[in-house]
């Protein structure tokens, strides 16, 4: 399909607004699931590790299924995917209000809502990139703050709704609010020219006419079977007449118009079937070659030691850095912090500071004198220290301060695409980013249950957050060690080819003289 040139404005600002609202509505509850987590602990009486799976699945499934989400958006468009996913998110939230046990929530809240959020994220980013080119960074920054603002507002909103209507009523109302995603999706007008040609056929549809089987008559299966049976009986008749020497009956058979028509029809059918089979074999070979190329490119990416360190760092970061947003409310309750001291929910503080961190870190990444890779490593190291300080926080003020620091540093998601681009290059960004998001989703899914299991084992969060801080620190140090030698070797190796070439040219000129 031929698209217009990105307008960098106009209806694109409507796209930015509805994409912001979409991320606000879909990610508000899953990111603020820490409020629901405390209620589920009391309602079902399960362990903290098992209960934490609900929130971790809601955040991790969408990232794990990112290749499927991209395929859906490419096949059906952002508008259709947004409307369908709006039903998924709203339906999953409403269905969770009727959950009889924690295992039902694994499906309704963890998988259904999580997959819907993944589809919506891909759809909003895709259509925003289509509408913006020179202002793409600004547009993506604006829509990405929707999830952070949603975390800030939904944390307080869900607590208020629980106090007024209970846990089930809260989920029903939040699910009803998510239905507004359908209105947002209806405004996502595809960017295509009005006078563009018909959409190009897909690979399977773009087949020459000679490969189509019986386009002229569209025979059904029974007719084709009958025809093959007739051709088989006709061949047997011919063989019997030849063996008996009945040449006269053979000549009469060839003179029968009906038999001649069936024979020609059968030959045409068999010929076209053979051509179609050949085409399918060639298509399968082509798909296999693409698969081999994809595997080869993946292996080549992992041969880059900075990229290998980056995927380890993002995996360890999500294992250790994601649990605070889910468990901070329960940490405060375990530290015997009174509810009267809560000026603002800790999750709301994390949400608003995440939005600030995304904005400020994104601005810092635009300065040429700042190395984004080192900036990302710095956020990991500082976050590890903040995580290790959580066991020493015994008051609301200290927990709120640490929540703000952790939220700000979590905003390093805004510079992660810059880091990936610097590591692998813009031409391999899509492939590499998909791999990294898969491992990020895996870390999101495993982090909170691991921390919860540590609590179930020790009856305290101290060792759990020491473990989280160690994971993030280890990922940052691995990335730092992998990045430093590569930068030095590049600086040493880049100037070498130029003098060699220059000396060779001078020598050739002197010999001619």
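Positions of Cβ are set from backbone N, Cα and C atoms, glycine also.
The domain 'Major facilitator superfamily (MFS) profile' annotation in TrEMBL covers 15-487.
If you look up TrEMBL, you'll see 12-33 (among others) marked as transmembrane segment. Within its own chain, the transmembrane segment (12-33) is flanked in space by residues 6, 54-55, 58-59, 82, 85-86, 89, 93, 109, 113-114, 116-117, 120-121, 123-125, 127-128, 131-132, 139, 142-147, 149-151, 153-155, 157-158, 174, 177-178, 180-181, 184-185, 187-189, 325-326, 347-348, 351, which lie at least six positions past its ends and keep a Cβ under 8 Å from the stretch.
Feature annotation from TrEMBL assigns transmembrane segment to 53-73 (among others).
The transmembrane segment annotation in TrEMBL covers 80-98 (among others). Within the same chain, residues 22, 25-26, 29, 72-73, 104-105, 108-109, 112-113, 115-117, 119-120, 122-124, 167-172, 174-176, 178-179, 181-182, 184-186, 188 sit at least 6 positions outside the transmembrane segment (80-98) and bring their C-beta atoms closer than 8 Å to a C-beta of that stretch.
Distant neighbours of the transmembrane segment (104-125): 19, 22-23, 26-27, 29-30, 33, 40, 53-63, 65-66, 69-70, 72-73, 78, 81-82, 84-86, 88-89, 91-93, 95-96, 140, 143, 181, 185, 188; these residues of the same chain sit at least 6 beyond its ends, with a Cβ under 8 Å from one of its Cβ atoms. Residues or ranges marked as transmembrane segment by TrEMBL: 104-125 (among others).
Per TrEMBL, transmembrane segment is recorded for 137-156 (among others).
Beyond its flanks by at least six residues, the transmembrane segment (162-183) meets 21-22, 25-26, 28-29, 35-36, 39-40, 43, 82-83, 85-87, 89-94, 96-98, 120, 154 of its own chain at Cβ-Cβ distances under 8 Å. Here TrEMBL flags 162-183 (among others) as transmembrane segment.
For 306-322 (among others), the entry in TrEMBL reads transmembrane segment.
If you look up TrEMBL, you'll see 342-361 (among others) marked as transmembrane segment.
Per TrEMBL, transmembrane segment is recorded for 373-393 (among others).
For the transmembrane segment (399-420), same-chain residues at least 6 beyond its ends with a Cβ under 8 Å from one of its own Cβ atoms are 141, 144, 148, 310, 314, 321, 324-325, 328, 331-332, 335, 337, 343-344, 346-347, 349-362, 364-365, 372-373, 375-376, 379-380, 382-383, 386-387, 389-390, 393, 429, 432-433, 436. Annotation comment: TrEMBL describes 399-420 (among others) as transmembrane segment.
Summarising the annotation, TrEMBL assigns transmembrane segment to 432-451 (among others).
Positions annotated as transmembrane segment by TrEMBL: 463-484 (among others).
Mean predicted confidence for the domain 'Major facilitator superfamily (MFS) profile' (15-487): the pLDDT average there is 80. A contact between the transmembrane segment (432-451) and the transmembrane segment (373-393) is absent, since fewer than 3 of their C-beta pairs, 6 or more residues apart, lie under 8 Å.
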